[in-house]
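Q: Take a look at the following structure, please.
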Amino acid sequence: MEVKVGKKIFNGIAIGKIKFYAKAENKVVRTKISDTDAEYARYEAARDKAIEQLNMLYEKALIEVGEANAEIFNVHVMLLEDDDYNESVQNIITTQWVNAEYATAATGDNFAEMFANMDDEYFRARSADIKDITERVVTILCGGTENNDMGDEPVIIVAEDLAPSETVQLDKSKLLAFVTRLGSANSHTAILARTMGIPALVGVEIDEEWNGKAGIVDGYEGKFLVDPDMDTLEGYFKKKAHDDEQKKLLQELKGKENITKNGQKINLYANIGSPNDLISVMENDAGGIGLFRSEFLYLESTTYPTEEEQFEAYKKVVETMGGKKVIIRTLDIGADKQIEYFELDKEDNPALGYRAIRICLTRPDIFRTQLRALFRASAYGNLAIMYPMIISVKEVRQIKEISKSVREELKAEGIEVGNVEEGIMIETPAAAVMSDELAKEVDFFSIGTNDLTQYTLAIDRQNAKLDSFYDAHHPAVLRLIQMVTENAHKAGIWSGICGELGADTELTETFLKMGLDELSVSPGCILPVRKVVREVE
Ligand code: PEP
Ligand code: MG
């Protein structure tokens, strides 16, 4: 038995025969041609056929993995229709008098290299897409077909790498898992694996000798076991049976209401940090997004993200969620989330320092840019905004003034703005104590129990040494949650929890009793919390 380790892409256990996925090999030979127009026409015909295939793949993916994931094939079509790409192929054919296969492969190499060297992570990731579309056109020009035959029995696909188009073409009914040597955890292929719910590992050292042998993919531990002995196999059969049972039970809760036995309902929303997390939001049947930590946009960037970049990200999330509520939290940096280009001073007590709304209120340029992007995106769905680290009514009034002026500015420019709920996070004891006054100013409260606990108990949430003093269920925190919720309801607004405590199923019943209207948890916790809600009398 051999045991290899890799990066986990999706949880789960698969046991079955290993199949090596061999790509159709295209050997491109550079040959001289005499009729450049005819050669370019050959290229155009192959390109059009590739576009036709991609459109079909889009339709297939739309059914199997949803619109957001199918979108990659539209991107591929756009890349094939790109003038620069096509002009490069034409240029190589006409200036060098060479065949279309060579001109396409050379263009693909040049463009892929150019994208790979770009600063922007999004564009760097497009390098793989360029290779994929180029390979598709070259295969057509070479008269080849794609290797798509998986045989009769379900298999674990092992490959050097898998392009998104290859992943989607794999026959899902025969695909147990996949393991690749290349590929990153955030590649489209990995995203597709998550959406398909297939155990997957990347970054695994692979060996062609394994073809046909038995294998076990352990997506929980990030292990790939080849040719397992009987004891290991037996142990994994048991693990898999237990795993399947748990997953099946939770799956049955999809589409069901979050309702207690006596009819009390609660909204279960998801916390996300990036548009990439939308897949698990869908997969886990979230009723909306209760916390989109917008700082990811800033953390991933080497400079301040522009209004346009932010607008595109927010629009994508609200559009994907259809009419469901998407609560986007404005920038919350400082403390443990440091960003070099903000040039924040070193502080003795960063958790009590210059962070979140304090930065936004003293740097209105940054705040206004984000608000403009948010209000613009609000025209495309059900967007709500919430403000972090609030301690006073004065701050909220200041925020409201800025927010009003941004909305007026957009309207004066003729830009449509949706109906936006504006709420605050209750993360400080000050906000909790003042929640009766604050409730008169805003549309909702979302209790950030991670910080509320840290500030109430005076325990640094980053300091593992204090774990023995830390009590997530401390009555002081629970009393504050109750008080905040009562004050919200007195003022006629709703109250939810978006900190980690919201997913603590030991407290679900308590939260229901307190009358909380919403719990926003990481996507994978939605169904387990729903299960408990439905069991409460
Ligand atoms: C919180 O403090 O509970 C919260 C949700 O915000 P973050 O964890 O991002 O500080
Ligand atoms: Mg917080």
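Residue numbering: from 1, along the chain as shown.
Placement of Cβ uses the backbone N, Cα and C atoms for every residue, glycine included.
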Q: Among 33-71, 189-227, where does TrEMBL put the label coiled coil?
A: 33-71
Q: Which of Arg293, Arg358, Arg363 does TrEMBL put in the same phosphoenolpyruvate site as Arg329, Asn450, Asp451, Arg461?
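A: For phosphoenolpyruvate, TrEMBL names Arg329, Asn450, Asp451, Arg461; of Arg293, Arg358, Arg363, the listed one is Arg293.
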Q: For ligand 2, which among the binding-site residues Arg329, Glu427, Asn450, Asp451 have a CB under 6 Å from it?
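A: By the Cβ criterion, which requires under 6 Å to ligand 2, the hits are Glu427, Asn450, Asp451.
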Q: I'd like to verify something. Among the recorded positions Arg329, Glu427, Asp451, Cys498, which ones have a C-beta closer than 6 angstroms to some atom of ligand 1?
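A: The qualifying recorded positions are Glu427, Asp451, Cys498.
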Q: CA-CA, which of the recorded positions Arg329, Arg461, Cys498 lies nearest Glu427 (Mg(2+) binding site)?
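A: Going through Arg329, Arg461, Cys498 one by one, the Cα closest to that of Glu427 (Mg(2+) binding site) is Cys498.
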Q: Going by DSSP, is Glu427 (Mg(2+) binding site) sitting in a helix, a strand, or coil?
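A: Assignment for Glu427 (Mg(2+) binding site) reads coil.
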Q: What's the CA to CA span in angstrom from Arg461 (phosphoenolpyruvate binding site) over to Cys498 (active site, proton donor)?
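A: The separation of the Cα atoms works out to 16 Å.
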Q: Measuring Cα to Cα, tell me the gap between Asp451 (phosphoenolpyruvate binding site) and Cys498 (active site, proton donor) in whole angstrom.
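A: Answer for this pair: 11 Å between alpha carbons.
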